[in-house]
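In Swiss-Prot this protein carries:
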| type | residues | note |
| --- | --- | --- |
| REGION | 57-85 | region 'Disordered' |
| REGION | 169-243 | region 'Disordered' |
| COMPBIAS | 173-183 | compositional bias 'Basic residues' |
| COMPBIAS | 184-193 | compositional bias 'Gly residues' |
| COMPBIAS | 194-211 | compositional bias 'Low complexity' |
| COMPBIAS | 212-226 | compositional bias 'Gly residues' |
| REGION | 274-299 | region 'Basic motif' |
| REGION | 302-323 | region 'Leucine-zipper' |
| REGION | 341-369 | region 'Disordered' |
| COMPBIAS | 345-354 | compositional bias 'Polar residues' |
Amino acid sequence: MASELAMSGSDLPTSPLAMEYVNDFDLMKFEVKKEPVETDRIISQCGRLIAGGSLSSTPMSTPCSSVPPSPSFSAPSPGSGTDQKTHLEDYYWMTGYPQQLNPEALGFSPEDAVEALINSSHHPLPGAFDGYARGQQLAAAAGGSVPAEEMGSAAAVVSAVIAAAAAQGGAPHYHHHHHHPHHGGGGGGGGHPHGAAPGSAPPSSASSSAAGSGGGGGGGGGGAGGLHHPHHGGGGGGGGLHFDDRFSDEQLVTMSMRELNRQLRGVSKEEVIRLKQKRRTLKNRGYAQSCRFKRVQQRHVLESEKNQLLQQVEHLKQEISRLVRERDAYKEKYEKLVSNGFRENGSSSDNPSSPEFFMYPRESSTTVM
């Protein structure tokens, strides 16, 4: 394919503007369909018949309308009348894509031509071959003022731009971004800013953005739906912040339900439900905290009482041990006195000789525990 393009380099358009448009696209990546010479002749005849008005202008399932052949920079087809007709027949394949008029024949600027290309690629015309017929009529009408070489170069530029846009699939997305530039460039597609005119971009940047925005255009289109109404979700949030500032947590808890309902007159139902839920949550939290505090306080009281009781028990134990020691001492003393008294009296008499005798039974009766 590269050798064929190199051989036909002499037939390429020589206009600087046309070459600038063509250089913006990598023509080597587009596949060129190889067709026999006999098929080219049949297709050329079919194009001449359609241009003459002998066939219907709507596309039909014919060999010349189903698959448009690839652009050829070959010699003029036999039987053509003028050079302008020859150039238009060489590029009649472009009618398979969304049609455009010749911008130079209508006096369009290059920016207007690119804008028309983009708009027409998004809204194609109903007739597939109407553009070719109108192009011939306009070429015949403007034949005296527009040279044939410029007509051919303009057709080549238009065909190259349409082919690149169709291959990249970026023309519809670019059109969407052009009509809705405020949707944002989040997806990467090139859209004009608010203050820029649609045709103010340079021709090279406009054509490159038309061809290269296919990858990011989808993302931008998807993000446009989410950015259409960013203020709807913020309205409720603003009201919520306002009421949160108006009622503090302490006021919500201490305020009666009747007073709260009076304060919330005219407020949306969602906001009322949210504030009441917040009030219920705060009251439950306060109730749980108070219960926890009471439990902790009661535990501290019980622990203090327990410590006091333990101290009393220890004191009582100490008293018991002291009393036991006293008892043991008195018992030992009693036993000594009893043994000493019986030894002194011995067998002298049965009557007691001293008053200690009367003390022993009484002391023994009181000390027995």
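Glycine residues also receive a Cβ, built from the backbone N, Cα and C atoms like all the rest.
In the region 'Leucine-zipper' (302-323), the DSSP tally of helix, strand and coil residues is 22 helix, 0 strand, 0 coil. The DSSP breakdown of the region 'Basic motif' (274-299) into helical (H, G, I), extended (E, B) and coil residues amounts to 26 helix, 0 strand, 0 coil.
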